[in-house]
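Take a look at the structure below.
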Amino acid sequence: MAVMAMAAALRGPSGRFRWRTQATAGGVRGSARGAAGRQDYNLLVIGGGSGGLACAKEAAQLGMKVAVVDYVEPSPRGTRWGLGGTCVNVGCIPKKLIHQAALLGGMIRDAPHYGWDVAQPVLHDWRKMAEAVQNYVKSLNWGHRVQLQDRKVKYFNIKASFVNEHTICGVTKGGKETLLSAEHIVIATGGRPKYPTHIEGALEYGITSDDIFWLKESPGKTLVVGASYVALECAGFLTGLGLDTTVMMRSIPLRGFDQQMSSLVTEYMASQGTRFLKHCTPSRVQKLPDGQLQVTWEDLTSGRENMGTFSTVLWAIGRIPETRSLNLENAGINTSPNSQKILVDAQEVTSVPHIYAIGDVAEGRPELTPTAIMAGKLLARRLCGQSLDVMDYSNVPTTVFTPLEYGCVGLSEEEAMARHGEEHVEVYHAYYKPLEFTVAERDASQCYIKMVCLRKPPQLVLGLHFLGPNAGEVTQGFALGIKCGASYEQVMRTVGIHPTCAEEVAKLRISKRSGLDPTVTGC
């Protein structure tokens, strides 16, 4: 209430803010520096993740006076981290590094086939890996602080909430409050993992992706609950590191992705040792005297109740936007009643003309770091009058870093048929064997490529789906062509680089409609 009263008092007759340092019983300060003078900004960014930082740095570089406010609430297990958001701290970066650690384990097992005398089995040291990954992440935290300082962006480590449409109140860890105002405000607070709080023991004994990358000791035998890409990626690298890993899925894997590809992803994971409990839901988690976790679940197919014992239970059942503590109603910002994400238009504008939302917190946006970064940069350029370009969210490539990586761009087969009609869609596909798999005698049964096209010549490419090694690198290259409107005929005229997995994309000659065997026999 003290904050609201102060904000009202600081408004002049014209409605503009006249910031002065004032002492209040609540400790609110008009200046974060505690010195007299104005504390206004052209742009205030709430959230120090990938999108928010990109927007702030771009705007500052273009001449705006910019501030970033960021605060990380510890996870229910007490895990905390520094500046940089989900991707840097508990997402893409540590995930890819631990995925790489798991892939190296597979390469070591392949090594004897290539003449390397490696004693088997080779043991993995979780503690050593975790320390190296965490140290690298901390270096990125510091790097972001330095970049903000270099660009003269003011950084506040405070938890923000709206006082009104131009003002936020920030609270430090110690409880001190600071009022900040800005002409434009960008909300880029992202999201956090969801806990199934209706399940007994879920919050008390489970962890999420907020915790797994910061564990000092190996999680041991792990139950991963969920079928999202986060669930499958975590289960994949845990299995690859030699840990007993089970995935419990209520319904389909990788909802929103091409379902044929999703099935192949889980088939390969199962062949590598990951166990799957399909059509099952947990009902209770109990801690046993020896510290192990006893999980009770229901098999939805049979109706039977089952139990199992695990060292760790990892919830990966989705994410919720970080909007609950922002007091958005004080600024008149509308959210989706279902997702609680902030409603925005094509220019990232919320229901308040000078307040914007980018990244995972915005409704209808891909939950991907690169889209948040580009959206943030483009928004900054528009605010500075440097450009009119808006973010194009179509044909955005992405990769699921499961043991056999799945890269895709454009429409899934299901989406293409729903949008254009089955009779107007042609799908070219092939199974292939990576050269690297041959000498090591690896199973390549799930290495598969699918190109979804319009049937009418020149057969515009609607989507590309690639399952195999280095899928992200392969998909990134073809994404440019698809973004530029490539046709099937143009892809077929593209000369491949030999011998690579990527060249198989330019050799897709078999249509699903033909019913012919799509297996590639070799080079």
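Including glycine, each Cβ sits where the backbone N, Cα and C put it.
These figures come from a predicted structure and were not determined experimentally.
Per TrEMBL, active site, proton acceptor is recorded for His498.
With a cut-off of 8 Å between CB atoms and residues at least 6 apart in sequence, the same chain places Phe401 near Lys96 (FAD binding site), listed in sequence order. What TrEMBL lists as FAD binding site is Lys96, Asp360.
Listed in sequence order, Pro193, Lys194, Gly226, Ser228 are the same-chain residues six or more apart from Gly318 (NAD(+) binding site) with CB atoms under 8 A from its CB. Taken from TrEMBL, the feature NAD(+) binding site covers Gly226, Ala227, Ser228, Tyr229, Val230, Ala231, Leu232, Glu233, Gly318.
Summarising the annotation, TrEMBL assigns disulfide bond to Cys87-Cys92. Around Cys92 (disulfide bond), a 10 Å sphere centred on its CB holds 17 further CB atoms from the protein chains shown.
Under the heading domain 'FAD/NAD(P)-binding', TrEMBL lists 41-376.
Look at TrEMBL and you will find 396-507 tagged as domain 'Pyridine nucleotide-disulphide oxidoreductase dimerisation'. Averaged over the domain 'Pyridine nucleotide-disulphide oxidoreductase dimerisation' (396-507), the predicted model has a pLDDT of 97.
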Distance, Cys92 (disulfide bond) to Leu232 (NAD(+) binding site) (CA atoms, angstrom): 14
Top Cα neighbour of His498 (active site, proton acceptor) in the set of recorded positions Cys87, Cys92, Val230, Asp360: Cys92
Asp360 (FAD binding site) and Cys92 (disulfide bond), distance between Cα atoms, whole Å: 14
Spatial neighbours of Asp360 (FAD binding site) that are distant in sequence (at least 6 apart) but have CB under 8 A: Thr86, Gly190, Gly191, Arg319, Pro321, Lys341, Glu367, Ala372
